[in-house]
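Trainee: Before anything else, here's the structure in question.
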């Protein structure tokens, strides 16, 4: 006689019956429940994530070589970031293997540099090289809990989305926080009144940057007591913060003047050296308005140089994803051979410098130069060659 219990579908792995699980998926000759599926997924994702960022697979020189393919100049910053990232991913691999011996703490990164010099590009290139989830946010959109705006957990939600809600993968990802200098506190002394978008945000960021178990609302928005949340361990998430820090050069120069002269000698009309930012110390960042505890969470500092005309010309034409190569490809799809004279590229670079937009503004300038040609030429099958000269660049920019 057949036992009735034998007729009830059950998981072939854990043995739970259909009425005791949420879902039971049927195969040709077996069943698997939702719990066992989740368990298998976590095991596989952990192995894949560790493989993707295993420190044995790359060296600092490998990282720098990859930077060189996409980023022009900035040699010092490339080396600093290459070493910092290499050590970071050695940390969590080493901590897993030697959990009872020495625990290595992570070193988050601060990138200082003017607008359009490549701060965001560094972070994006790193994430692409490491093949890990990446999220980018603007520090000015974050406010303290209880106030209008995003709270710090929303940063982690974006990282979780980038990882397709794979928690294990997200916990090995990279977060880039832009405009970090905009959340400096309003005065040197600790604030007595509430500063919801300055010192308060720095305080809120401290825990997740150091390492904590954060409760993240999967749908975004402010948390409320009855809301479902996802737990994320931020211990191995690499945080990279970037900002222009306008005025920091004067703070450094004044400190050096005090140390040299023995008394306070405020700089009046004396021009500050463009390389002085590379001499930044934690105390200068505190003077700027970053709280000491926050500065302490960013022990690695990379300073980017302001891009010169030659740098911008190189950015236009040399990297793998250079704009000139992109437009040559686009015109080539219409069987048009596009080229630029050297003077044309120099004129584009000078325009970016004049507008103070750096490399970030190059695409907008190139679009304004090529827009009419991209509109007219696809309809004109007789044109096979287009050479952009200095005169064309000047004329097209004058018309926009």
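Using N, Cα and C of the backbone, Cβ positions are placed for all residues, glycine too.
So Swiss-Prot has the following annotated:
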type	residues	note
BINDING	11, 14, 33, 36	Zn(2+) binding site
BINDING	114, 115, 116, 117, 118, 119, 120, 121	ATP binding site
DOMAIN	1-52	domain 'ClpX-type ZB'
Trainee: Whose Cβ lies within 8 Å of the mean position of the Cβ atoms of 11, 14, 33, 36, the Zn(2+) site, other than those residues?
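Mentor: Neighbours found: 10, 12, 13, 15, 16, 21, 24, 31, 32, 34, 35, 37.
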Trainee: Applying a 10 Å Cβ distance cut-off over all chains shown, what neighbour count does residue 120 (ATP binding site) have?
Mentor: 16
Trainee: If you measure from the Cα of residue 116 (ATP binding site), which of the binding-site residues 11, 14, 33, 36 is the nearest?
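Mentor: It is 36, whose Cα lies nearest.
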Trainee: Going by DSSP, give the three-state secondary structure for residue 11 (Zn(2+) binding site).
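Mentor: Coil, per DSSP.
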Trainee: Helix, strand or coil for residue 33 (Zn(2+) binding site)? Use DSSP.
Mentor: strand
Trainee: Out of 14, 33, which has the highest number of nearby Cβ atoms, where nearby means within 10 Å of its Cβ, if these are the binding-site residues?
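Mentor: Result for the most crowded candidate: 33.
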Trainee: Validating a neighbour-count step here. Other CB atoms within 10 A of the CB of residue 119 (ATP binding site): how many?
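Mentor: Looking across every protein chain shown, the total is 28.
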